Ligand SMILES: [Ca+2]
Ligand SMILES: [Ca+2]
């Protein structure tokens, strides 16, 4: 009788310590596997793609996870969804991918922020963590001149410091793809030069 009792106690002790190290009783409370819940997740998504590259990966432990959800929206709409990837065999941890529901446009909006949580199959919900998303620019727009044409009269026999200044802009949302670097005259053999700021003058 005593022998049996001791064996049971020993087994319970073992089960408890095993749960602590794996962190995963199937009916436990799920938690997001993050080194720091405060700093949350950071994601990048290109304008022409929908899969968000998230660091660190979205993982949950502590229970059998059946879904992840977007909990609240700090700043308006959050057109994203979280999809549970295939669970590992032990069902003690789950990974998810984050996807935009529509093509994003950094010329309209560059950043999104919202909270996520993991939900166990028993219905328990983890603490929230914040996801910060940056939309990465791609070069969709060429520069365009502010005026469709520039017409200017000059006096003959006169060398001008500046005849006219032209200006072009580019709608892309970052300096890398949206800044106008220089201007060039395409026609060869003519008596004009243009500098990087768009100032046009004659050379003789
Ligand atoms: Ca551009
Ligand atoms: Ca762009």
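Keep in mind that glycine also has a Cβ here, set from the backbone N, Cα and C atoms.
Residues or ranges marked as domain 'Cadherin' in TrEMBL: 68-145.
Per TrEMBL, the feature signal peptide maps to 1-17.
According to DSSP, the domain 'Cadherin' (68-145) comprises 0 helix, 40 strand, 38 coil.
Model confidence over the domain 'Cadherin' (68-145) stands at 91, taken as the mean pLDDT rounded to a whole number.
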